[in-house]
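Report on the structure given below.
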Amino acid sequence: MPTKASSKGASKPAKGKKSTGRKPTAGGTPPGEVVGSGGEVHQPVEDGQVLTSAQGIPLADDQNSLRAGERGPTLLEDFAMREKIFHFDHERIPERVVHARGYGAHGTFETTADLSAITRAAIFSKVGRKTEAFVRFSTVAGAKGSFDLARDVRGFAVKLYTTEGNWDIVGNNIPVFFIQDAIKFPDLVHAVKEEPDRAFPQAQSAHDNFWDFVSFTPEAIHMTLWQMSDRAIPRSFRFMEGFGVHTFRFVNAGGESTFVKFHWKPLQGMQSVVWNEAVKINGADPDFHRRDLWDAITTGDFPQWDLAVQVFDEEFAQEFDFDVLDATKLIPEELVPLQVVGRLTLDRVVDNDFAETEQVAFHTGNIPPGVDFSNDPLLHGRNFSYLDTQLSRLGTPNFTQLPINAPRCPVAHFQRDGQMQTAVPTGRVNYEPNGFGGSERGPRADTRAGFQSYAEPIEGLKARVRSETFADHYSQARQFFVSQTPVEQDHIVKAYTFELGKCESPQVRSRMLAHLMNVHDDLAVGVAEGLGMPLPEPATPARQPITDLPPSDALSILKNGPDTFAGRKLGVLVSDGTDAAVLESVRAAVAEVGAVLETVAPVVGGVTLSDGSVLAADQAVDGGPSVLYDAVLLLPGKQSVAALAARSTAKDFVSDAFAHHKFIGYTTASGPLLESAGVAELLDDGFVKVTRSSAAKFLRRCAALRYWDRDVQP
Ligand code: HDE
């Protein structure tokens with residue numbers, strides 16, 4: 001396991017907040033410190049510190065309620081018991097209406113390009129500037145307690161605590177969206193969430209309501225291509241891209257504007273799992289993604305993303321085949337190249353999931369001077385929704401005072417009072433303009449440094465209309481499909497087949513096939529065959545699709561995979577008598593490439609190795625299936641392999657690794673395992689014989705992550 005220190009880049013406390021001055025641990029704040037309601041870290045818990053009520057009253061007994069007699073009634077007078085249970089009764093807040101299941105981490109954003117020519121945002125004014133950041137990754141449809149590997153879009157929300165206030169880039173891991181106009185969002189979300197009468201299916205789109213809605217909403221087709229691709233089942237948050245989706249504006253000091261789109265590129269490379277694997281991971285470890293992020297950060301393997309921008313002008317916007325205000329479209333990187341402008345490093349897990357990840361409040365409207373909105377109608381709807389939703393979730397307009405939401409720069413305004421007001425504003429004046437002077441006068445707006453909206457000329461008729469330039473719904477869906485490798489295309493066909501196969505209504509399936517026919521023949525025919533249904537007439541397009549858009553390699557995961565096994569996990573199946581020297585050489589090779597090794601044994605207590613030493617296992621094979629690993633090594637002992645091979649979970653360990661196209665290391669002792677799993681006759685180039693001297697070679701092979709040539713359909 002990597003052992004780098006994990007406390008790098010710890011954030012400074014918010015201005016005006018007291019700090020204990022102690023060094024943070026992996027979790028930030030030293031254990032045993034209590035965060036107070038105002039966000040102040042106080043009361044270092046020393047040995048022997050007295051437990052108190054929330055009012056600070058020292059308690060003599062926190063485990064027995066006050067009774068009249070040993071077996072008598074409990075007394076209403078017991079304020080300690082009532083206060084404890086009262087607080088507990090109200091510990092939950094409404095979960096997010098979408099993106100309920102999320103996981104957050106702290107980090108730092110470092111500016112790597114001076115963009116002062118195109119934006120006056122201070123964050124881009126100096127190379128090397130470091131800005132505190134918080135990121136929350138999420139699934140969209142599932143409840144807070146759902147599983148991590150649902151087929152779903154992932155939220156990728158970044159809060160940058162800039163010197164000019166908080167800038168939130170509330171993005172997803174997919175660069176386009178289902179709908180073009182915010183007014184359709186409640187319908188979309190109602191359709192994808194569990195059906196209202198029966199409250200299922202949860203955390204998945206594989207049901208009638210979702211596909212019924214999509215079949216009447218052709219603008220959603222492009223996004224469903226992404227959703228049915230392996231982008232929607234990422235191997236981990238660390239291995240996915242992020243996108244701001246909408247077109248935004250940069251505005252420079254002279255008031256000139258350029259359009260901009262934001263992209264996060266993972267330095268770890270991209271990687272996804274296969275569907276059959278995702279289904280099994282959800283059972284084996286529903287917390288697979290959050291555990292991965294926690295483990296990586298706490299062992300010092302800090303994930304990083306480059307922030308890249310696509311910058312373009314009005315002239316490009318006019319000439320482009322699609323409307324840059326339409327969030328169901330992207331701009332291929334080949335047309336407008338990415339320019340890297342900063343790097344985000346996540347280096348600190350949260351101290352407390354509720355206080356930070358649950359209470360963090362993102363808002364697309366949070367932008368610093370120098371950043372501005374385009375007229376994307378989806379974005380404008382979001383600018384209303386995020387602020388509004390925080391009120392029902394966090395209960396008060398004062399949520400900006402929570403430590404995770406508080407800006408790290410001075411805050412000065414005349415907003416006052418409200419529920420859970422923790423600030424104590426002083427002085428006589430709470431309005432402006434006012435005629436007071438000195439410290440009484442309060443803050444004043446600054447026309448030079450303050451936020452000024454881009455002065456865009458606007459004219460038009462007030463009407464509920466959709467621009468004709470939004471009418472092409474299929475061309476980029478086709479471009480996405482033709483940009484994929486055959487393996488990825490096959491996964492897309494299978495995903496549509498699976499999801500539509502879960503729809504009870506043949507009409508829904510048929511309407512969807514009619515749309516897919518406008519995307520690509522191979523897709524429509526493949527899905528129709530998979531469903532065992534005839535192809536209907538193609539849907540009538542609102543505008544004839546462009547069929548010759550060139551493939552864009554940037555849209556494929558497999559064309560952009562990493563060339564290293566760093567940050568990945570090898571599962572080594574061991575049993576009594578496992579060759580200690582081979583294990584040691586593999587351990588060294590794994591450490592060398594910066595990967596992680598876990599041992600999986602018949603029992604978690606461990607095994608006795610060939611040299612007589614006892615090895616405590618990381619997992620018992622019954623709880624450590626191969627779906628938890630990126631590659632596996634079968635390293636059983638000669639005498640005990642037969643017993644191991646007889647276990648159904650050990651057989652599954654091998655056969656699943658094979659079916660999921662993983663690289664499988666083996667030794668001469670592995671024969672019975674390969675046989676019981678039914679793969680002994682199927683050894684292909686994805687199998688690598690491992691000896692004491694060939695561990696490094698095996699790891700180099702694993703860098704390809706999967707052996708896609710294996711002709712097995714999981
Ligand atoms: Fe969201 N979205 N959204 N969304 N969204 C929310 O805000 C909304 C959209 C995204 O980790 C909610 O605080 C509308 C696109 C992320 O806390 C809510 C529309 C994109 C997160 C909301 C969209 C996103 C949210 C629910 C259509 C990608 C999680 C709780 C106009 C660019 C943030 C909350 C977190 C969360 C509204 C569409 C990303 C209800 C109305 C497009 C990453 O305000």
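For all residues, glycine too, the Cβ spot is worked out from N, Cα and C.
Its own atom aside, the Cβ of H99 (active site) has 23 Cβ atoms within 10 angstroms in the protein chains shown. The active site annotation in TrEMBL covers H99 (among others).
What TrEMBL records for N172 (among others) is active site. Packing around N172 (active site) is summarised by its Cβ count: 24 other Cβ atoms lie within 10 angstroms of its Cβ, all protein chains included.
Mapped onto three states, the DSSP output places F185 (heme binding site) in helix. The Cβ of F185 (heme binding site) has 17 neighbouring Cβ atoms from other residues within 10 Å, across all protein chains displayed. Taken from TrEMBL, the feature heme binding site applies to R96, R136, F185, R382, Y386, R393.
What TrEMBL lists as compositional bias 'Low complexity' is 1-13.
Taken from TrEMBL, the feature domain 'Catalase core' applies to 52-440.
The region 'Disordered' annotation in TrEMBL covers 1-43.
The two recorded residues, H99 (active site) and F185 (heme binding site), have Cα atoms 13 Å apart.
N172 (active site) is 11 Å away from R136 (heme binding site) when you measure Cα to Cα. The two recorded residues, N172 (active site) and R382 (heme binding site), have Cα atoms 14 Å apart.
Neighbour counts were taken at the CB atom with a 10 A radius for the binding-site residues R96, R136, R382, R393; the maximum falls on R136.
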